[in-house]
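Take a look at the structure below.
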């Protein structure tokens with residue numbers, strides 16, 4: 001891994017200041033993966049999102065409706081964390097698949113084994129009235145093959161729009177991965193929100209979380225066009241290929257790899273029910289508790305490549321401009 005000096009990670013898609021055309025040989029790279037990496041990715045993003053709502057006074061007294069929640073192992077950590085902080089939260093976890101038994105027997109957690117449609121969403125809204133709802137969606141349908149097609153994605157995003165329209169949540173975190181240019185079908189709409197990037201996503205994943213806080217007005221929609229799709233692909237490939245493969249040398253932490261740097265900036269915003277001498281001590285405590293919960297071993301920084309000059313990532317693309325390829329990034333998860 002090469003080294004770099006950075007002040008902060010890219011937290012949101014709009015902050016990515018460079019792009020790179022996809023290189024087909026990337027598909028042959030052996031991906032480095034942690035145990036339970038998918039649960040770790042979800043846990044960090046949702047802990048960051050819910051802590052933000054806590055900071056704004058939105059979380060306490062809410063019902064979290066999580067659609068597409070199974071297996072949901074990580075949700076037990078979230079539930080326990082906010083319960084120990086004295087937050088009064090109810091959880092409704094809905095999925096056609098079964099949940100991890102670790103979620104059984106909790107009075108504040110309702111498990112529903114079914115898929116949602118418009119009629120069921122209306123029944124949820126009626127059942128929970130007048131509670132304020134926080135919506136988390138991780139819906140993912142695949143009608144064939146190993147990865148969702150563009151038709152699958154458009155169906156999922158239409159369903160997420162219906163969720164917002166019917167449930168009228170105070171805030172939402174939605175699954176968002178732009179279709180690939182060579183699989184384009186038509187323009188479509190998604191809710192307006194901040195496109196949060198995810199540490200520990202698969203190596204070439206183009207998935208983000210779409211975070212929104214609603215202030216009473218009607219849901220604002222953003223149109224996604226084919227030119228947007230090309231922009232998404234190039235920026236996410238730059239992030240995954242260049243940025244996420246760096247070691248941040250000015251980051252004083254046991255593991256200086258970029259994803260840990262990204263995680264640090266997420267966890268520093270999280271409230272704890274104990275005091276720490278430094279922000280680093282708090283983040284280490286949180287990381288260790290999360291990794292212990294998910295049975296993820298602690299790792300040190302991967303061996304870095306020799307680089308005589310440590311420099312910040314340039315805002316200008318230093319790669320060749322003649323690397324166009326018709327092949328798309330295939331990190332769907």
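In case you wondered, yes, glycine gets a Cβ from its N, Cα and C as well.
These come from Swiss-Prot:
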type	residues	note
BINDING	22, 177, 178, 179, 180, 182, 205, 206, 207, 233	mRNA binding site
BINDING	39, 66, 68, 72, 95, 97, 116, 138	S-adenosyl-L-methionine binding site
REGION	169-249	region 'Binding to NPH-I'
REGION	169-333	region 'Binding to Rap94'
ACT_SITE	175	active site, for methyltransferase activity
REGION	305-333	region 'Disordered'
COMPBIAS	311-322	compositional bias 'Low complexity'
COMPBIAS	323-333	compositional bias 'Basic residues'
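Spacing of residue 22 (mRNA binding site) relative to residue 72 (S-adenosyl-L-methionine binding site) is 33 Å (Cα to Cα, whole number).
Residue counts for the region 'Binding to NPH-I' (169-249) under DSSP, helix first, then strand, then coil, are 22 helix, 29 strand, 30 coil. Of all the Cβ atoms in the protein chains shown, 20 others lie within 10 Å of the Cβ of the residue listed as 'active site, for methyltransferase activity'.
Distance from the CA of the residue listed as 'active site, for methyltransferase activity' to the CA of residue 39 (S-adenosyl-L-methionine binding site) is 14 Å. In the shown protein chains, 23 other C-beta atoms lie within 10 A of the C-beta of residue 66 (S-adenosyl-L-methionine binding site).
A distance of 27 Å separates the Cα atom of residue 66 (S-adenosyl-L-methionine binding site) from that of residue 180 (mRNA binding site). The two recorded residues, residue 207 (mRNA binding site) and residue 116 (S-adenosyl-L-methionine binding site), have Cα atoms 22 Å apart. It is 95 that, of the binding-site residues 95, 138, 207, has its Cβ surrounded by the most other Cβ atoms within 10 Å. Closest to residue 205 (mRNA binding site) in space, going by CA atoms and restricting to the recorded positions 68, 95, 116, 138, 175, is 175. Here the C-alpha separation of residue 68 (S-adenosyl-L-methionine binding site) and residue 178 (mRNA binding site) works out to 19 Å.
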